[in-house]
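To start, the structure itself, in structure tokens.
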Amino acid sequence: MSLNKKESSSNTELSQGNTPELPSIASPLNDQQLNQLQQTVTSLSSQQLAWVSGYFWGLSQNQPAAAAAPINQAAAVVATKPAGKLSIIFASQTGNAKGVAEALEQEAKAQGIAVALYDASDYKGKNLAKETHVIVVASTNGEGEAPDNAIELHEFLQSKKAPKLPNLNYAVIGLGDSSYEFFCQTGKDFDAYLSKLGATSFIDRIDCDVDYEAQAKEWRGKALESVKEALSSGTEADVVQLPVGQAAVGHSQYNKQNPYTATLLASQKVTGRDSGKDVRHIEIDLDGSGITYQPGDALGVWYENSSELANAILAKVGLSGVESVDVEGESLSIHSALVAKYEITSANPQLVSKFAELSGSKKLQKLVENKDKLREYASNTQIIDVLGEKKTKLTAEELVGLLRGLTPRLYSIASAQSEVEEEVHLTVGVVEYAQGDETRFGGASSFLSHRLEEGAEVKVFIENNNNFKLPQDDNTPVIMIGPGTGIAPFRSFLQERDNRDAQGKNWLFFGDRTFTQDFLYQVEWQKYLKSGLLTQLDVAFSRDQQDKIYVQHRILENGEKLWQWIQDGAYLYICGDATRMAKDVHEALIEIAQQHGKLSRQQAEELMNNLRKEKRYQRDVY
Ligand code: NAP
């Protein structure tokens, strides 16, 4: 069914509750079809009609019905002007880009813009040729790679199969971390690919850093203004108010901006007395919150900084702490602002560059000239030690001008609700190291493990991760690779499979420093081995012998068997360190495919790519 402008005004009337009547205009339908349609629409409410119009619009775009429907069923597409909707596509790893995309969707709806929201993995690249307005919200993985949910779309747009896009107006907002070399690379890529395919950018791309909220909000406002202007083409009738539907299934009222105030039930050290690491098993009570989560999801934790650290920073720059600063329209003492509003532990290259200028430190100024060295220094030095490079008096405004806003930390959830019900468990590695005579602590990990008493309040929210999920079919075998605190989601997976009485085989690879001190959740794995839930457990303790033994060594030793599991349809999961471990494990998997599958290097890489596309190779790494 195609709708034209005259139909638009009819639809506007319908949505205001007038009697449904099909427009008496030239129609591509024959009389019989029109009659049937007439009979059907008279039984529908205006809201149902609005939904149906969006549904048919989606079908006309050759998408399967499920994919055509927007992610949130509430976002029924009401396209009074068929080519006049806004599609928002998110490429998201940890949920930030998804959050920005959802905010865009809500704001577009509030302005009466017809809008559809897509996870990049559900979006068919060739459909871009049928769009008029698209906004891509893209985050970037560590080394400039696209997030897992967008790898296919990212590849497609560079391929020969990508369509020309002369009618497409697009905008890109990139999210990233400027501490990394390939800052916002995926956003830059999407911008370049769309432009190369002939699409026109309707607003300049912005590349947002970790404290992106305010900048992203301003950009969203400008982008939607532009979309609204283009879609309405000066007539009110082209833009209609969308129906407000019910929230998506499992959607909680709590989110990053509106976290739930939970209580800490337990914080227990799970590494031995003589371990070089302090890893905590944390239990948080969600009782009465109605919050639900799935294995593979993450918990966002808002934390407060240490008051002592805030005082030490203030002393370094000659401030007493009572000086007031304006934070988002609120006047606060600089001490309170440092504790509750700003990141005061991890440094970043911008902070170092700005302080180099303010302080005139020769050492820092030299570092600023070499981007690689600057990044390395910033990632290995806490803010207090950057400020310590040269004694410098700063005003309160100058100090906060150096800092990024506080952002919540995300931890992979280590429990399944089928086991722990209204609790959520985490496995937290406490960041703590000596710096000269002093000890430096991580912001969130020391909050959870040292400063938060059991029974105290902690603000949390669930960050869904659809890129790290157990297979739907409980009979599917799974292979889980999780050294260190990367073990967390696999505790959740196994609890879930245990409670679901899933029959699929489970193989766990775990690695850490020593068997006696660092074997996280050992008793639980032994219990699962005994019950048969865990089919096989392979461990690699790197410091129990002279030569390092890592999980990938165990994977290679079991190459033939592992290859057989893959042939039998196993799903592969990796969680933990992204920079070295995940790459080395990936290499080991390629090696196994070559050796036991007799594939060339290129074929082995293609196999891994295909497994990833089929969601049989999922990673939660950073
Ligand atoms: P870790 O530093 O990753 O160490 C665990 C084990 O891995 C050690 O035996 C270590 O050996 C070994 N290892 C070092 N290099 C390796 C490599 N290239 N390949 C394979 N193994 C290697 O453990 P962690 O301190 O617990 O940190 C875990 C990582 O996971 C962190 O980067 C964290 O951010 C990330 N992560 C955590 C979560 C969570 O929710 N807790 C979720 C996702 C990711 P040696 O030290 O003896 O060399």
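Backbone N, Cα and C atoms are what each Cβ position is placed from, and that goes for glycine too.
No curator has checked TrEMBL annotations; they are predicted automatically.
Per TrEMBL, these features apply:
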- 92-97, 139-142, 175-184: FMN binding site (BINDING)
- Thr345, Ser379, 409-412, 427-429, Tyr433, 442-445, Tyr622: FAD binding site (BINDING)
- Ser542, Arg543, Lys548, Ile549, Tyr550, Val551, Gln552, Asp584: NADP(+) binding site (BINDING)
- 9-21: compositional bias 'Polar residues' (COMPBIAS)
- 86-224: domain 'Flavodoxin-like' (DOMAIN)
- 257-471: domain 'FAD-binding FR-type' (DOMAIN)
- 1-27: region 'Disordered' (REGION)
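Where TrEMBL records a feature, it is marked here on the structure.
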| residue | record | DSSP (3 states) |
| --- | --- | --- |
| Ser92 | FMN binding site | coil |
| Asp177 | FMN binding site | coil |
| Thr345 | FAD binding site | coil |
| Thr427 | FAD binding site | strand |
| Ala444 | FAD binding site | helix |
| Arg543 | NADP(+) binding site | coil |
| Lys548 | NADP(+) binding site | coil |
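Phe183 (FMN binding site) sits 33 Å from Ile549 (NADP(+) binding site), taking the Cα positions as reference. Set side by side, the binding-site residues Tyr180, Phe183, Tyr411, Tyr550, Tyr622 differ in how many other CB atoms lie within 10 angstroms of their CB, and the most is found at Tyr411. Closeness to ligand 1 is met by Gly429, Tyr550, these being the binding-site residues among Gly429, Ala444, Tyr550 whose Cβ falls under 6 Å from the molecule. Most Cβ neighbours within 10 Å among the binding-site residues Gly95, Gly142, Gly429: this distinction goes to Gly95. Here the domain 'FAD-binding FR-type' (257-471) returns a mean pLDDT of 96 for the predicted model. Closest in space to Tyr622 (FAD binding site), of the binding-site residues given as Gly95, Arg543, Tyr550, Gln552, is Gly95, taking the CA atom of each residue. Separation of the C-alpha atoms of Ile549 (NADP(+) binding site) and Gly442 (FAD binding site): 28 Å, rounded to the nearest whole number. Applying DSSP to the domain 'Flavodoxin-like' (86-224) sorts its residues as follows: 59 helix, 30 strand, 50 coil. The maximal spread of the NADP(+) binding site, taken as the longest Cα to Cα distance among Ser542, Arg543, Lys548, Ile549, Tyr550, Val551, Gln552, Asp584, is 18 Å. Cβ-based neighbour count (10 Å, all protein chains) for Gln552 (NADP(+) binding site) stands at 22. According to DSSP, Tyr411 (FAD binding site) is assigned to a strand segment.
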